[in-house]
Ligand code: NAD
Ligand code: LMR
């Protein structure tokens, strides 16, 4: 008997659309993409999961599609299938692109990843212009401005829907602060603002919940460790890439928050790198409230101590250059 006739009812379910959201992962066969795909297949808010990559998309799809969870999984391989991968999506998560090796900065990835992000965002503008976009590809401080320029050119730009993923900085901050305080990391909430690279990653240790205080040595240690968390992993992997598993965990945490916002849940708050008027820069990471239209409310920085005010100035200086570099890549 032909598979198509045996699977008639399954095809009806996929076409009819089980309740939930349609999510695409671009770069789904990569170090982040694979565990991210697995975790999104486990998310009950996802009804359809599209896995797109330029290599091995069908292998990863075959593997993940055997998991007995609700989402229907489909694979898409290479540029000719990008539009099918994107059509009808509510949320697009982008971990496509090359990762760092020891000795590299995130900005060293610009030359390759800028072009990848541009092409993928042109596809989004054409096929799912109303989707929320979670951009993971580095350097995030430049790829988010690149995506914004692509969407502006296409006439589809809605700043609330374009979100740079900085959740891994918050996840690391919660972990390292909990270690110092002797707490369970799940009880700790550290706002991390600015951007996603070196000194642009600015943890606001004066605003940690539960309220606590740190010695100057603890503040210095924690700030450095959080700012260099990515490099710590790159060096430990010694040429085999950068954070993938903790990143997939962080990406799912953020994507799940976006989906809860889309569903209309109240009080969904996360840090993200987004178009913003909190500082004089056009993009800045802060806490935002996520809702049906994306980042519906962008929160102010709140009171900063002297250490954080100095850090903020350094962060803004570096961020300004990275943002301009991204914008010029499209406008040139
Ligand atoms: P990886 O090399 O393991 O995987 C990248 C995947 O992207 C590969 O499967 C590759 O085939 C695919 N790809 C390349 N070009 C593509 C294209 N044009 N269209 C679709 N897919 C394409 O890398 P990784 O470890 O998964 O990291 C991916 C990116 O995420 C890197 O840029 C890395 O720096 C970044 N990253 C960001 C954060 C963050 O906090 N935002 C954290 C970790 C890594
Ligand atoms: C991270 O913070 O782990 C990522 O941005 C990857 C990297 O290059 O450090």
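Glycine too: its Cβ is placed from the backbone N, Cα and C atoms.
TrEMBL does not curate its annotations; it predicts them automatically.
The annotation domain 'Lactate/malate dehydrogenase N-terminal' is assigned in TrEMBL to 22-164. The annotation NAD(+) binding site is assigned in TrEMBL to 27, 28, 29, 30, 31, 32, 33, 53, 113, 136, 137, 138, 247. The substrate binding site annotation in TrEMBL covers 100, 106, 138, 172. Sequence annotations record features per position, and here TrEMBL assigns domain 'Lactate/malate dehydrogenase C-terminal' to 166-329. Per TrEMBL, active site, proton acceptor is recorded for 196.
Neighbour density for residue 100 (substrate binding site): within 10 A of its CB lie 23 other CB atoms from the protein chains shown. Taking a Cβ cut-off of under 6 Å from any atom of ligand 2, the binding-site residues 29, 100, 113 reduce to 100. Sequence-distant neighbours of residue 33 (NAD(+) binding site) (same chain, six or more apart, CB under 8 Å from its CB) are 25, 27, 51, 53, 60, 95, 96, listed in sequence order. Close contacts with ligand 1, defined as a Cβ under 6 Å from any of its atoms, occur at 29, 31, 113, 138 among the binding-site residues 29, 31, 113, 138, 172. Residues 100, 106, 138, 172 make up the record's substrate site, and a Cβ search at 8 Å around their centroid adds 99, 139, 196, 197, 230, 231, 234, 242, 243 from the same chain. Inclusion criterion for the binding-site residues 31, 100, 106: a C-alpha placed within 10 angstroms of the C-alpha of residue 196 (active site, proton acceptor); this criterion is met by 106. In this model, the domain 'Lactate/malate dehydrogenase N-terminal' (22-164) carries an average pLDDT of 98. Shown are the binding-site residues 27, 31; the one with the most C-beta atoms within 10 angstroms of its own C-beta is 27. Mapped onto three states, the DSSP output places residue 31 (NAD(+) binding site) in coil.
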